[in-house]
Every structure is written in C-alpha cells, then in structure tokens.
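Structure record follows, encoded as structure tokens.
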Amino acid sequence: MKIAVYGKGGIGKSTTSCNISIALARRGENVLQIGCDPKHDSTFTLTGFLIPTIIDTLQSKDYHYEDIWSEDVIHAGYGGVDCVEAGGPPAGAGCGGYVVGETVKLLKELNAFYEYNIILFDVLGDVVCGGFAAPLNYADYCLIITDNGFDSLFAANRITASIREKARTHPLRLVGLVGNRTSQRDLIKKYVEACPMPVIEVLPLIEDIRISRIKGKTLFEMVGSEPSLNYVCEYYLDIADQILSQPEGIVPKEIPDRELFNLLSDLYLNPIDKGKDQNNKKNLLGFTMV
C-alpha cells in the first residue's frame with residue numbers, strides 16, 4: 001500500500017506523517033516514509049537529524065546509480081520505520097516532480113521500492129502544479145491533513161481537485177481528512193457537508209504535538225519518559241487501523257473556489273451561537289470538545 005499525505009504547509013503534516021508511520025509499524029507493517037520536500041525535514045522526528053537526500057547522493061555520485069547502495073539513501077528511524085528524503089532542486093530552478101521521479105527510480109534500481117508493506121509519501125504544501133502532484137502517480141490512497149482554518153481548507157480543496165484529476169488515469173482514492181491540533185470543527189464540518197468525504201480523525205489542540213517537533217521526537221518516543229502522552233498515540237493508532245482496513249475510498253469532487261470562499265467566509269462573518277454550542281459541549285462533528 002502506498003499513501004500520499006498532503007496538506008497546507010505548516011499544518012503539522014510531517015509530524016502527523018511520522019506518528020502515523022510508527023503507528024503502522026506498531027501494527028506489524030514494514031514501513032518506509034519518503035519525504036518529498038526540498039527542506040528535507042519530513043523524517044526529522046524519526047531519525048533525530050536531517051538525513052542526506054536522494055538528489056544530494058545522486059549528485060555526489062555524478063548520477064551513476066550503480067555506485068549507490070541502499071544504506072546510502074535509506075536510513076533507520078525510530079520504531080523500525082525506514083526513512084528517505086527526496087530533497088529538491090535548487091531554489092527557483094527545476095521541478096519537484098522530477099525529484100520524486102528520480103527517487104522512485106533509484107529505489108526501484110535498489111530493489112527497495114517493493115520491499116515494504118507500506119510506503120508513505122509526505123508531500124510539501126498545496127498542489128499548485130503537476131510536479132507537486134507527482135507522488136499521487138504512485139499512491140493507492142491520499143490522506144489530507146487540515147485544521148479548522150480558512151487557508152488549510154482551501155488547500156485541502158485544491159488537493160481534492162488534484163486527486164480527482166489523477167484518479168482519471170490512476171487507481172487513486174481519497175481515504176479522508178485528518179484534522180490536526182484544532183479545538184473547533186465548524187469549518188471542517190461545513191466543508192465536508194459541501195464536499196462529502198470521510199473525516200478519519202480529529203486531533204484536539206494538544207501542545208505536546210507541537211513540542212514533539214521541536215524536540216525532534218515522535219509522540220511514541222516521548223511516551224517513554226512521559227507516559228501521560230499515551231492517549232495522544234491512540235489517535236495515530238486509530239488512523240493506522242482505519243488505513244489498514246483498506247477502505248474503498250472515494251474520488252472527491254472539489255468545490256469551485258468562489259463558492260468555497262463564500263461558504264467559509266459566511267461562517268466567519270456569521271458564527272454559530274457559542275452559548276448554544278457550549279450548552280451541549282459537543283462539537284459539530286459529534287466529538288466531545290476538548
């Protein structure tokens with residue numbers, strides 16, 4: 001199974017990806033996480049350092065694939081998760097899609113691409129061109145990370161459009177949305193009502209999730225010294241279980257930009273009566289408010 005994780009930049013996508021990767025490994029899967037961002041920091045919380053990228057390694061070998069070994073580009077991460085960073089072209093030059101293609105090509109040359117039960121692509125930001133959408137060419141499922149914000153849902157809608165387009169020629173499906181670090185869910189609810197798709201999980205606003213990134217550790221590793229965080233790991237294990245159930249998934253239909261703008265801005269300008277919302281202590285997706 002190959003999964004592409006997308007979402008607006010800064011939404012906590014890499015932190016979420018790393019914890020999902022470990023959760024999948026805890027369920028007995030052989031997992032490879034591929035970071036698809038020129039910052040090459042997707043796997044930072046798994047390895048504790050910025051590992052060499054595929055592109056850097058290829059350049060150092062003058063693109064002689066035969067001179068590269070698996071251990072040059074695949075690095076062991078926490079919890080038994082193997083890690084690869086694709087890297088990217090120089091700033092202002094080249095295409096990220098080319099880099100992803102070279103990464104997959106090299107892993108196939110090394111007979112590594114098909115050795116894993118699960119490969120998770122952690123992809124940078126919004127989908128603004130075909131290069132950014134390149135990992136969808138290899139994925140069975142796409143998972144979108146969002147929060148309850150205007151901009152992140154706009155990005156989610158753009159990603160939705162890309163999934164629909166790729167599904168025309170690839171066996172790609174959207175597995176659903178994951179809400180990350182959000183205490184409110186009204187905009188998420190409004191969006192999925194207008195653009196139907198599963199909501200896999202909504203993680204509440206937990207400061208330790210942000211701190212884990214700063215510490216260079218996953219929540220699963222932090223639990224070793226802070227057992228009180230075990231409940232946070234359960235969220236990621238639940239996401240892993242839903243992925244491993246091999247859901248049918250959907251081919252979503254995005255909302256036109258202006259329609260989405262009006263939909264979300266109307267909720268900002270005409271918020272739901274907070275007093276009524278607090279009386280029942282339930283958020284709009286049916287989860288207890290945290």
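From the backbone N, Cα and C atoms, a Cβ is placed for every residue, glycine too.
Here is what TrEMBL says about this protein:
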type	residues	note
BINDING	GLY10, ILE11, GLY12, LYS13, SER14, THR15, LYS39, ASN180, ARG181	ATP binding site
BINDING	SER14	Mg(2+) binding site
BINDING	CYS95, CYS129	[4Fe-4S] cluster binding site
Around the Cβ of LYS39 (ATP binding site), the count of other Cβ atoms that are within 10 Å: 14
For the binding-site residues CYS95, CYS129, the one whose C-beta sees the most other C-beta atoms within 10 angstroms: CYS95
Distance from CYS95 ([4Fe-4S] cluster binding site) back to ARG181 (ATP binding site), taken between C-alpha atoms, in Å: 31
Alpha-carbon distance [CYS95 ([4Fe-4S] cluster binding site); GLY10 (ATP binding site)] in Å: 21
Fewest other C-beta atoms within 10 angstroms, as judged across GLY10, GLY12, which are the binding-site residues: GLY10
